[in-house]
Amino acid sequence: MAAARLAASLLLLAAQVACEFGVLRVVPQSGGTRGRDYCILYNPQWAHLPHDLNKVSLLKLRDLSTTQLCSHLDVPVEDFTNQIALVARGNCTFYEKVRLAQGSGAHGLLIVSKERLVPPRGNKTQYEEISIPVALLSHRDLQDIFRRFGHEVMVALYAPSEPVMDYNMVIIFIMAVGTVALGGYWAGSHDVKKYMKHKRDDVPEKQEDEAVDVTPVMICVFVVMCCFMLVLLYYFYDRLVYVIIGIFCLASSTGLYSCLAPCVRKLPFCTCRVPDNNLPYFHKRPQARMLLLALFCVTVSVVWGVFRNEDQWAWVLQDTLGIAFCLYMLRTIRLPTFKACTLLLLVLFVYDIFFVFITPYLTKSGNSIMVEVATGPSNSSTHEKLPMVLKVPRLNTSPLSLCDRPFSLLGFGDILVPGLLVAYCHRFDIQVQSSRIYFVACTIAYGLGLLVTFVALVLMRHGQPALLYLVPCTLLTSCTVALWRREMGAFWTGSGFADAPQTPWAAPQGPVPPKDVDASLSEQPRGEELAQSPLATEEAGATDPAKDPDSPVAGPLSPSNGDQVQPIPVVTPGTSA
């Protein structure tokens, strides 16, 4: 990125409300038993907490948890000298509480909250006036402290340093790159089989889902809908989050079925069919094994929906369903040209930057709309999270692991959007017989872009819009390969690959006299023999596509209705259409 853009991004990040987790170490005032740690939320703009517990002095906790400390009347006669004040949240601002505590000699302020913890905010002038730390403690943790240690305790506030890199990033990297590579490969192979294989209507279960070609109008409508939905989620999160969860359950079960169906069809058992009937869907007489598969996929989705908040294991189901959903979408949605790929990626590139870096200037809270929606608003009453992410718990041990942020996230959009470009590259590879150089290069570029995202995440210590790094890496790499091979014209327009069902091999130029079928097959290159191999395995009674004038893969020189044979341009590596 340009230096100016990076500087602007950093300035916008600084404008957001700072919020960090810390640790409250509690020991009994009488000594004896071992201490215990509790999670706190603090704002370092009031005052920073030390990172090393050994450099922190234990101070007495002054319990005024029944007082809100909003006026001088709430300050006890015996002030807070060399003590940490504990007060209740409410009735006045954080600044008023901490100003009174600091004026009474307190070395820190703990605010107990029965609601969800939120960052203790202030403004720049107030931050400069205050020199003691301010932190929030949950009411549940306070009750546990009193139950274990009583009301006479010594406490210390500190913020231990976290590991710069967590091993869960490796798992997220493998899942993301693997999904993009597998989805792109599957999408290209699926299209080739559809073009090369004569469609048959006598076996409904073997029919593949039709791909959906994306047009520029569809891209614009999609982006507008994304913006509209994101704003709705920002203002009506508690109501719409359950709608999103329901949609995810339905879509992910469909994706899981689509991924497992090809494997299940190869099993040698449960091939019996449903008896004749007039029921919806069942009138097609599906096989028993496919019904069992559908039941299994729905069950997995329902189990996740019921136990989605079980942090110990529900994330495994969510990631499995999410990967299946992404693979299904990459196979179903098709960008027909590189022009469409560029339009989609650039528009979503701007969309991602706007909702992460620009919206903090437009919201009253100063928070990013994208970050608020992705992580769940701090004032949400449901505490639900959107499921449209891959999530992996933190694997490194840290005192901060007791706080409520154990997962690293990667949104589905950061997989699907570049993945559609990877899928297009694979289809173009097959068209020009380029040994999959576009597919491999774009997949590697995606992996490098994801690594850059992780590095930025570590350096900036803040959630990053991954498309900021993924879009330039994948688009520039694809363009570079096309220019190097002198195929930019064909790569940009798709060379008619999406406009008509063509075979992936190039036809010879000019009229060529008919040849014996066996001789022509023997003269084909090895790559073309492999491409045509599905035709040799057609079931008995199927029509030979080469002899059927209505077949989409009929020979390019087969005249129909007296039309004159016309030469077809060749698209070969090293040339442009």
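Including glycine, each Cβ sits where the backbone N, Cα and C put it.
Here the candidates are Asn91, Asn396, and Swiss-Prot annotates Asn91 as N-linked glycosylation site. Topological domains recorded in Swiss-Prot put Leu267 on the same membrane side as Phe491. With Cβ pairs under 8 Å as the measure, the transmembrane segment (439-459) is packed most heavily against 169-189, out of 169-189, 240-260, 313-333, 342-362, 406-426. Beyond the topological domain 'Lumenal' (308-312), the same-chain residues lying 6 or more positions past its ends with a Cβ under 8 Å from any Cβ of the stretch are 245, 318, 384, 387, 393, 406-407. Here the listed stretches are 169-189, 217-237, 464-484, and the one with the most C-beta pairs under 8 angstroms to the transmembrane segment (342-362) is 464-484. When secondary structure is read from DSSP and collapsed to three states, Asp352 (active site) falls in the helix class.
Each of the active-site residues Asp352, Asp414 was scored by the number of other CB atoms within 10 Å of its CB, and the largest score is that of Asp414. Counted over residue pairs 6 or more apart, the CB atoms of the transmembrane segment (313-333) and the transmembrane segment (217-237) come under 8 Å in fewer than three pairs, which marks the two as apart.
With a 10 A radius on its CB, Asn91 (N-linked glycosylation site) counts 12 other CB atoms from all the protein chains. The CA atom of Asp352 (active site) is located 10 Å away from the CA atom of Asp414 (active site).
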